[in-house]
Amino acid sequence: RCVEVFYIYFHAGRVEEPYVSITKKRQMPKDGYSEEIEKEVGQAEGKLCTHRSAFSRASVIQAFLGSAPQLTLQLYICVLQQEITAARSIFMVLSLLSIVYGALRCNILAIKIKYDDYDVSVKPAAYLCIFMWRSFEIATRVTVLVLFSSVLQIWTLPVVLVNFFGFFFYPWILFWQSKSPFPENIEKALSRVGTTIVLCLLTFLYAGINMFCWSAVQVKLNDPDLINKSQNWYRLTVYYMLRFIENAFLLLMWYIYKTDIYLYVCAPLLVLQLLIGYCMAVLFMLVFYQFCHPCKKLFSSSISEGLLSCFKFLCFICKPPKSTVLTDKAEVKSLENTDEAWSSSKTIDSQKGNPHHSVSSNA
């Protein structure tokens, strides 16, 4: 692909192309109106766009199936050896930047896939918010996994497998619940077995991404494009709440079972820093979706409204039923009435037992 890209780029414009294709894109709505723009795309430009999309997808694959395990392993070795060499630190920084870049490309791909009919232009502020969001999220997640695995090696594999297979089977469970026919239009040359292998590889990548960060591209197997194009704030909220709880639990286990290699580490401060770092990632995510998203005008509801409705829903679930509350109130009231009746009867009995005292009191 690289060779073909350079060949097309340096030979573009020298020979007149036999045909061009016309693409139609809509502008972002301004004052409620959206204009449609036609653009001629030559054969060379179309091939370059195809290769660019392939490079973007390859960077995502390389980031989460290559750099993410590599960064986790290198940091784990540094923790056990209690030493960080210059070469290893350089490679860890490069791996982290590779993962952050892959996550950033995943966000941009999700935007372009969901809003394919619109002419999307991402501003530098949006890139900065995504970069900070993904940097905090991935760095804290990798650090938490390494700390936990350094003291509880036996339980590392169950934690990883539960996370991985949970996200791997989640799109398949939704597909089976929808009772949709098996997707046959992925590639005409593929058989049913080949299509199944492709879908398994897609969900494998989806699970690998969600192990370390939120996957902006949500897999939907019963959709012709295999991508969920709706903006689901509930799923986003549930993911970050569960991930925060999981990180806090893993840090608690590390704090309880930490060994002598962390003798000179202020454990409470480290736990606090990691939890604050993850909260910073959530904060930059909220800023991105609320202010910097290039297609925020197309949202049916903003991120603040979506989170507010999610919290109301969670409060409604946690709130006890109304009948139970009324029953409790009735029981409390009946107990109060019983106490009052008992005290009044006690007063009457005492007055009956001491007639002289009552006469003197009346006098």
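Every residue, even glycine, has its Cβ placed from backbone N, Cα and C.
Owing to the predicted nature of the structure, the values given are computational and were not obtained by experimental measurement.
Positions annotated as transmembrane segment by TrEMBL: 86-104 (among others). Sequence-distant neighbours of the transmembrane segment (86-104) (same chain, 6+ residues past either end, Cβ-Cβ under 8 Å): 59-64, 66-68, 70-71, 74-75, 77-78, 127, 130-131, 134-135, 137-139, 142, 209, 212-213, 216.
Residues or ranges marked as transmembrane segment in TrEMBL: 154-175 (among others).
Counting same-chain residues at least six beyond the ends of the transmembrane segment (196-217), those with a Cβ under 8 angstroms from any Cβ of the stretch are 60-61, 64-65, 68, 99, 103, 106-107, 109-111, 113, 134, 137-138, 141-142, 160, 163-169, 171-172, 183, 186-187, 190, 226-227, 236, 239-240, 243, 285. Annotated transmembrane segment per TrEMBL: 196-217 (among others), in sequence order.
Outside the transmembrane segment (237-257), and at least 6 residues removed from its termini, the chain residues within Cβ reach (under 8 Å) are 140-141, 144-145, 147-148, 150-152, 155, 159, 210, 214, 267-268, 271, 274-275, 278-279, 282, 285, 306-307, 310. Residues annotated as transmembrane segment in TrEMBL: 237-257 (among others).
What TrEMBL records for 269-291 (among others) is transmembrane segment.
Under the heading region 'Disordered', TrEMBL lists 336-363.
The feature compositional bias 'Polar residues' is assigned by TrEMBL to 340-363.
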